[in-house]
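Beneath this line is the structure, given in structure tokens, with notes to follow.
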Amino acid sequence: MAFTTTLLAWSVIEFGNSMPSQIGNARAAIRWSTDYLLKAATATPGTLYVQVGDPNMDHKCWERPEDMDTPRNVYKVSKQNPGSDVAAETAAALAAASIVFKDSDPSYSTKLLQTAMKVFDFADRYRGSYSDSLSSVVCPFYCSYSGYHDELLWGASWIHRASNNASFLAYIQSNGQTMGADDDDYSFSWDDKRAGTKVLLSKDFLEKNTEEFQLYKRHSDNYICSLIPGTSSFQAQYTPGGLFYKGSESNLQYVTSTAFLLLTYAKYLSSNGGSASCGTSTVTAERLISLAKKQVDYILGDNPAKMSYMVGFGDKYPQHVHHRGSSLPSVRTHPDHIACSNGFQYLYSASPNPNVLVGAILGGPNNRDSFADDRNNYQQSEPATYINAPFVGALAFFSAN
């Protein structure tokens with residue numbers, strides 16, 4: 001949820017000018033989340049509440065939110081049981097959102113930034129992974145595989161961007177090497193922030209010529225070059241239909257985040273007429289935009305299956321979405337309670353979902369462009385907010401260009 005918020009805020013920061021009719025809705029969505037994150041961060045001193053509900057119990061039920069009767073346990077990280085990864089991502093979300101509200105609600109913006117700094121200090125001072133502190137409550141569902149160093153550098157980078165506070169510049173300079181500044185990492189997701197941090201920090205070098213961040217420009221180039229066919233450092237995988245392919249589970253999360261980074265880096269490069277350096281060749285901002293457009297168009301239906309992977313968009317889109325509220329009958333059509341295990345008949349049903357989950361982007365097709373429109377195949381048919389969040393920025397850019 002925190003990563004979704006950071007990426008939705010980043011979408012508005014970079015491309016909000018291209019979504020005039022939707023900027024109010026975008027801000028409302030961000031505020032809905034940051035209101036919650038503020039409560040989670042400030043309710044108890046020295047504590048960050050990070051999860052509600054036992055996922056093991058929740059996965060044993062297929063039921064509507066209105067009928068939910070599984071335990072609503074609350075889980076937290078604290079000084080004794082740290083969670084630097086989830087805390088630093090929460091700090092990043094609050095800091096990024098503070099930029100979104102800087103002009104429209106200055107007092108709320110200040111509150112977000114001040115809380116971000118406190119949460120970051122907590123993340124940095126009491127170091128450890130939330131996977132270790134909360135173990136089976138978060139694993140295997142959302143384990144922190146990349147550790148917490150990437151989140152600390154990402155969180156510091158967002159607070160630096162939001163505040164221009166010299167101490168965060170100093171933090172980035174003194175901790176960058178140990179926190180992944182020199183790692184060339186080729187994916188960007190809720191778990192691994194390294195590529196996103198490189199692009200975020202490259203802005204200061206490209207737009208202000210801040211020498212301390214030249215390193216991040218170089219590594220951003222390495223990341224971008226890995227995606228571009230024909231360059232000496234190309235190593236990405238694409239399906240025969242041209243879709244960026246990273247993994248069999250929820251692959252479109254990598255596609256939407258990559259498209260967003262391509263467009264954001266193209267914007268930063270264009271600010272000073274720069275290009276990405278790929279060995280002996282250079283790659284222009286226009287080339288990055290073209291690759292991003294190919295990915296966006298593919299998701300919206302320009303693909304071998306002629307299937308839109310955004311539910312409710314286009315003539316042909318998935319009908320069997322792995323989503324409880326969408327797949328079970330609504331309370332209006334079926335007012336009687338549907339108990340925990342009684343809902344599984346709807347999970348396994350061959351009928352289309354009765355409630356169309358308009359706008360949701362699913363996990364998407366496999367490495368051969370094949371998609372099983374099967375509710376039980378969660379790897380392909382499950383939606384997630386973190387798939388949609390960076391896509392908002394990409395759509396805003398292309399709607400205006």
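Every residue number used here counts from 1 along the chain in the order it is shown.
Cβ atoms here come from the backbone N, Cα and C positions, even for glycine.
Note: TrEMBL annotation is automatic and uncurated.
As annotated by TrEMBL, domain 'Glycoside hydrolase family 9' applies to 1-395. Look at TrEMBL and you will find HIS322, ASP373, GLU382 tagged as active site.
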Report, in whole Å, the straight Cα-to-Cα distance of GLU382 (active site) from ASP373 (active site). 10
Around the Cβ of GLU382 (active site), how many other Cβ atoms lie within 10 Å? Please give the count over every shown protein chain. 17
On the 0 to 100 scale, where does the mean pLDDT of the domain 'Glycoside hydrolase family 9' (1-395) fall? 96
Can you check which residue among the active-site residues HIS322, ASP373 has the largest number of Cβ atoms within 10 Å of its own? HIS322
As a whole number of Å, the Cα atom of GLU382 (active site) is distant from the Cα atom of HIS322 (active site) by 5
